[in-house]
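Features of the protein shown, as given by Swiss-Prot:
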type	residues	note
TRANSMEM	34-54	transmembrane segment
TRANSMEM	58-78	transmembrane segment
TRANSMEM	219-239	transmembrane segment
TRANSMEM	254-274	transmembrane segment
ACT_SITE	Asp307	active site, 4-aspartylphosphate intermediate
BINDING	Asp344, Glu348, Phe377, Thr378, Ala379, Gln380, Ser381, Arg382, Met383, Ser384, Lys395	ATP binding site
BINDING	Asp518, Asp522	Mg(2+) binding site
TRANSMEM	588-608	transmembrane segment
TRANSMEM	616-636	transmembrane segment
TRANSMEM	662-682	transmembrane segment
Amino acid sequence: MSRKQLALFEPVLLVQALTDAVKKLSPRAQWRNPVMFVVWAGSVLTTLLTLAMVTGQIAGSALFTGIISLWLWFTVLFANFAEALAEGRSKAQANSLKGVKKTAFARRLRAPRHDAQADNVPAAELRKGDIVLVKAGDIIPCDGEVIEGGASVDESAITGESAPVIRESGGDFASVTGGTRILSDWLVIACSVNPGETFLDRMIAMVEGAQRRKTPNEIALTILLIALTIVFLLATATLWPFSAWGGNAVSVTVLVALLVCLIPTTIGGLLSAIGVAGMSRMLGANVIATSGRAVEAAGDVDVLLLDKTGTITLGNRQASDFIPARGVDERTLADAAQLASLADETPEGRSIVILAKQRFNLRERDVQSLHATFVPFTAQSRMSGINIDNRMIRKGSVDAIRRHVESNGGHFPADVEQNVENVARLGATPLVVVEGARILGVIALKDIVKGGIKERFAQLRKMGIKTVMITGDNRLTAAAIAAEAGVDDFLAEATPEAKLALIRQYQAEGRLVAMTGDGTNDAPALAQADVAVAMNSGTQAAKEAGNMVDLDSNPTKLIEVVHIGKQMLMTRGSLTTFSIANDVAKYFAIIPAAFAATYPQLNALNVMGLHSPNSAILSAVIFNALIIIFLIPLALKGVSYKPLSASAMLRRNLWIYGLGGLVVPFIGIKVIDVLLTLLGLA
């Protein structure tokens, strides 16, 4: 469930955006956008000319020059309004987050245990490494890791999700976020950041975007727009001596109007708004991007690394069968598997305990009463188990158990090898159980591929995006699930090192890679990936390594992130195409009007049949300003996105925005010309 979305044109935001748009009329603000700075300079110049004509200092039509000046100011104002409205929506989202920061005091413990002596201190004084105690009803004062206790936590202020979540020490659910509320029980938390560096602080700074850095594509497009502006500026400057030589010099007002209509003011005025709105749409999907660069990279991604569990499959693998080795009865295997899983709190571990209970009435036993030592699972060992007196029982992946058995002087039986292959071919995950160096058998864990995921992968393939499934399963299981899900490739028996190596391999081929992760062991790969979406429920290390955080902790969100990134790039490209195509109609309006008196042959270009030279110039300038206003909703919402190949997408956008950019101005300029004529202003 996402946070409540703002309407596109909230009345309060509109009023604030209008105020900010006027404030942005200062030369310092305009200098940041070179294209609009030229329009601003033209507005100032024509305003001065109007005043000079009114006072009789120079000859000319003060009414015509004044109207041109007014609409040039409107052009600048409308561009400012687009940017201010996009920024206002982001600031409104930031203000809703600021309301979460209301923790006044915290219980700072003198020792890392819940019964230690506590001091009440202002939450702002907490530093990295401080230990705090939070109880039911308290607001968590800092980002951190739970080191003791377990509690139900309301994270709706951050994620928008009303259902509470469990946070507890150990495992992947130990990370807590400052500003969330404890609903029950208590937690002892080790603060992981200093004041001003919390996740909430970074969210607020990001969505406010006051000092938003331009992305590489934005910089490249800005350079192109500046180059076009310089070319048209030089071209316009040379027209005055040509017209003067012909005996009928074009006025400065007409030359300024011509320049403004020639340069790409439409995309120049909307470019910043598109970038801000892209990050805002990402937040609307409950994904926090650390920068516009990350959103832009998402649009260029051509390789997706997707975790199998939770992304491709439902992620609730359950033990379905015990397959004993030759010479071992099924009950013995089930008993050993249950013992190895007694302290395993994963869904798979609990399902093994339950299956043993259902099949053979084997009751759970307390690890402490057995005087046993639990061996936890690690990404390196890829197995877990239990030590009871002289018994050493392990369960884990095939390769991990094989290495374990061989290191203890045993061998891997051929019949178990065959059972492993049979389980894997069915798309289930085989776990092998061993006691000492003796293989006892195989546990089959079954998972279900998500409905509709194969069709989504087919869409990504049409867009030129390669999908790679990442799994800890063996190659046979991975191949079976990959075939069922329809992914392009897979990485089986994945370790953190293997993930990192795979990302580097794709990047060496010139590809951009996106992935998700939630654990500390994912941090190196997240740091290496071009688009790294960390889960909000994940560890602090994972969130710091990624350049995006998914507040819903939904690994499938990576596909939506790519869609939003591509939509932002498409919006920018479509409006650039529309802006440049627009210029063609303006040529047919202004060039005959400006130069037909000197070169009568140019009247042949007046294909729109505009009423007079003055009405033609006014119509083009007015249309140039109004089109920015009409395109603001498109810039903020983004163009309609469909998963197509690059060539199909290019053809579609050229038809819609290229042809549209040619046709719309002809119609718009003609309509404005008719209205001006009816009003007697032409």
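Cβ from N, Cα, C; glycine included.
Met383 (ATP binding site) has a Cβ environment of 23 other Cβ atoms inside 10 Å. Spatially, by CA atoms, the binding-site residues Asp344, Ser381, Met383, Lys395, Asp522 include one closest to Asp307 (active site, 4-aspartylphosphate intermediate), and that is Asp522.
The distance from the Cα of Phe377 (ATP binding site) to the Cα of Asp522 (Mg(2+) binding site) comes to 16 Å. Shown are the binding-site residues Ser381, Asp518; of these, the residue with the fewest other Cβ atoms within 10 Å is Ser381. With respect to Asp522 (Mg(2+) binding site), the closest of these binding-site residues in Cα terms is Met383, chosen from Asp344, Met383, Lys395. Taking a C-beta cut-off of under 8 Å and a sequence gap of six or more, Lys395 (ATP binding site) has these contacts in its own chain: Ala337, Ala340, Ser341, Ile352, Met383, Ser384, Gly385, Ile401, Leu431, Val432, Val433, Val434, Ile443. If you measure from the Cα atom of Asp344 (ATP binding site) to that of Asp518 (Mg(2+) binding site), you get 19 Å.
Long-range Cβ contacts of the transmembrane segment (219-239) within its own chain (Cβ-Cβ under 8 Å, at least 6 residues beyond either end) map to 34-35, 38, 250, 255, 258-259, 262-264, 267-268, 271, 572, 576, 594-595.
With all protein chains in the displayed structure included, the most crowded Cβ environment within 10 Å among the recorded positions Asp307, Phe377 is that of Asp307.
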